[in-house]
Amino acid sequence: MACLGSLLPVGSLLLLLLLLSPETWGEYGVVRIVSKNWSKDYCVLYSSDYVTLPRDLHHAPFLPLHDGTKTPWCPDEDSFHQAQDISPRQQPFHQTATMVMRGNCSFYAKGWLAQSQGAHGLLIVSRAGDQQCSDPISKPQDPSKPRPALTTPVAVLRYTDMLDILSHTYGDTNVRVAMYAPPEPIIDYNMAVIFILAVGTVAAGGYWAGLMEADRLQRRRARGGGGLGGHNQPRVVRAQRFQRTWEEEEDDDVPVDFTPAMTGAVVAMSCSIMILLYFFYDCFVYVMIGIFGLGATTGLYSCLAPIVRHLPIWQNQRALPGHRTYLKLPLLLLAGLSAMVTLLWVVYRNEDCWAWLLQDTLGVAYCLFVLRRVRLPTLKNCTSFLLALLAFDVFFVFVTPLFTKTGESIMVEVASGPADSSSHERLPMVLKVPRLRFSALTLCDQPFSILGFGDIIVPGFLVAYCHRFDVQIHSRQVYYIACTVAYAVGLLVTFIAMVLMEMGQPALLYLVSSTLLTSLAVAACRQELTLFWTGQGRAKIPAGPVAEPCIASGVGPKLKLEGVADSHRAN
């Protein structure tokens, strides 16, 4: 049951490997509406294939706004050529910007109709949840009747924004509008925040995994394998200490060894969840939110439990009637607190102002829980796991566009949410930080930069393995430090590639290669490649006791002191 319980959060967490920015059809722009006593900016999408917009508001002309949302705007094919001889005086919308509904004709047809009637701008109101700037219903052009060039700016406005504009400008006859496309900052300071969160989580998770390994080896030796008295202790004392150790281990989370069979199960589970999200997104996204909620509660409890165990209230416990076990009230209160924090996020998860802080906190706790809970016993298993998920990433990002109707990858569509989604929910398995640099485009969709949990957990497994190996061979954390630095460098290279290419990058391509090659290079230089590959670091452990970790993970120091005290009493 422990193995199955760890597979579910791991499989769901590794769905989003990296999606730094969702793809949209069109480019973001801004439209400013000005009336007598009111003005406001709104986000629009426009297609630069037709007309480019000014880059700043100072060069954008303010035009009178005409409300054409109550009339159809779909011309006949023959009218493309009949209306070209209309004089400017006969154009009803001369030098105005017109706002119309989406309708059943192409953007080009609407833009041409507005242009033929003298409009210098067109706002197409879309009732769809997400704005799109494609022409899915445009008809093929007749070569014998070429269409005139489109010189009028065409942009897509949300239906809710149109209602807001009409409510603020009702009865006002002097409403003016300007459209422009400010440049979006390529580099944002939130990249530094995401970098610190990701590297800090990987470093902390790997370090914690090493401490648990040291504590586990210490308790194994104290159980009778040498050290702290070992076989020299009386049998009764060893039995008492073994009973205490067994009870403490029942309290503690015992790591689950990840086998090749589990690797195949996780990849198969991830593929199945990805397909289910692609075809049944509006239903299955809530399942993923529920899985994240359960994992976040467990992760937050797991991270705070060692702190509670060192508080004076830790001794407060009650015996269950008719049982030989004790109910520890501090841990019960901690479990309730963790559940309340997760419930708070579930209720307010769509509050962009502050909910991202709660999501990142729960996400970091979730990642730390998985890195501490799951152990890859050999580098062979670790390598196969990393490469399998890398292949999963490459397939769903680069291969699936060949099979989808829209030509978009399944990974991108699932991460950004389908355009026809009615729930407007987003998968929570990401670290998200709002953009910190001011830009007029911050009012548009996706004011966050995101990093998938998979880009933390998958390389983090290798960092955790390196620290466990350091503990086994007493190498003063050489492997752990080298692998952590390699992860930081790989993530930095990912960000640089994203800035240079101006698009999201498959981070595992950089992270897996940097961490794996660095770890193998360190092992080769130290002539420990065989031990490192097979995970037989304990073969180098001397006969003496295991070195005590700097910070024990719960019961290690207590167990050691009790063992020493028992030894003195026995003597």
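Yeah, the Cβs are placed from backbone N, Cα and C, and that goes for glycine too.
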Pick from 287-308, 507-528: which range has transmembrane segment per TrEMBL? 287-308
Looking at 261-281, 329-348, 383-403, which one has the highest count of Cβ pairs under 8 angstroms to the transmembrane segment (448-466)? 383-403
Could you tell me whether the transmembrane segment (354-371) and the transmembrane segment (189-211) have 3+ CB pairs under 8 A, leaving out pairs under 6 positions apart? yes
Find the average pLDDT over the domain 'PA' (98-137) in the predicted model and report it. 74
